[in-house]
Amino acid sequence: MQQLLSMEHLTTDEIYHLIQQACNYKARNINSPQYSKHFVANLFFENSTRTKSSFIVAEQKLGLNLVDFETTTSSVQKGESLYDTCKTLESIGVDLLVIRHFQNAYYEELNNINIPIINAGDGSGQHPTQSLLDLMTVYESFDSFKGLNVVICGDIKNSRVARSNYYSLRALGANVMFSSPDSWKDDTLEAPYVDIDDVIEEVDIVMLLRVQHERHNNDEVLSFESNDYHKLYGLTIERYNRLKQQAIVMHPAPVNRGVEIDSSLVEAPKSRIFQQMQNGMYLRMAVIDAVLQTKGEQ
Ligand code: CP
């Protein structure tokens, strides 16, 4: 795997390999510092807690040297472009870039960058490492993806997590449905829209999405209050109690408690929310290892 920009670029064999490798790291839970001669820079142009922190831990467990980079103190503030920033880091000797950027498909302007890029989220485009850690979490619960019924709920149109998981879960044989207010539907994705109350007793996975206020334009701002959103589209205690015994609840987080999910359910037995975060670190170790192994072979 030369780099990781979008889930559409991965084969199912590559996905299974990354999940297996992440499970191996998790089972051993040891540092594996084979990349102590490599340098990595994490370029986060949007805020992050989980993704950035878990990349940093993963990088340090693999022995990588971290190049300090913050948009607020870098020459981005002097107007330097994303391309020039990346080319500068490549010239200095950085071996790997992890990039989160507000622009959809920002990586299309980075074709002349000759070091690998791992996409840590591009606008409302894709979030491939989130999708992979979600798949790892599903795999831990079900050992398979084929035939699983998944309902992805909420802000579909603005969610890079929804888009990434739509592609990857369908490629792996799961049945994906969406449940969403009209203004947050995405007609470019072909999954059926359902009423959550019609499917809650049949689904294996309820995948909740954060309401992404920062991406909404005036047309997309809902006319109802958070409390109404919770009643109409969120995971209420009543809906949770109707889930199948083996069903699981996921959310990429950060969670708007009481909006997408009742606060008391965030750590309920069926919730995998903190397991997703734990898996993210191991999964990111697997992705970094796969990319740097390929780089070493070239
Ligand atoms: N799930 C996720 O991407 O969280 P952060 O924005 O905190 O990285």
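Every residue, even glycine, has its Cβ placed from backbone N, Cα and C.
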From R28, R100, R215, the one annotated by TrEMBL with R50, T51, H127, Q130, A253, P254 for carbamoyl phosphate:
R100
What binding-site residues among K78, R100, R160, R210 have a C-beta sitting less than 6 Å from any atom of ligand 1?
none
Listed L-aspartate-binding residues K78, R160, R210 - what's their greatest C-alpha to C-alpha distance in Å?
33
Looking only at Cβ atoms, how many others are within 10 Å of the one on K78 (L-aspartate binding site)?
6
Conformational class of R100 (carbamoyl phosphate binding site) under the three-state DSSP mapping:
strand
With DSSP as the reference, give the number of residues of the domain 'Aspartate/ornithine carbamoyltransferase Asp/Orn-binding' (146-289) in helix, strand and coil.
56 helix, 22 strand, 66 coil
What average pLDDT is reported by the model for the domain 'Aspartate/ornithine carbamoyltransferase carbamoyl-P binding' (3-140)?
97
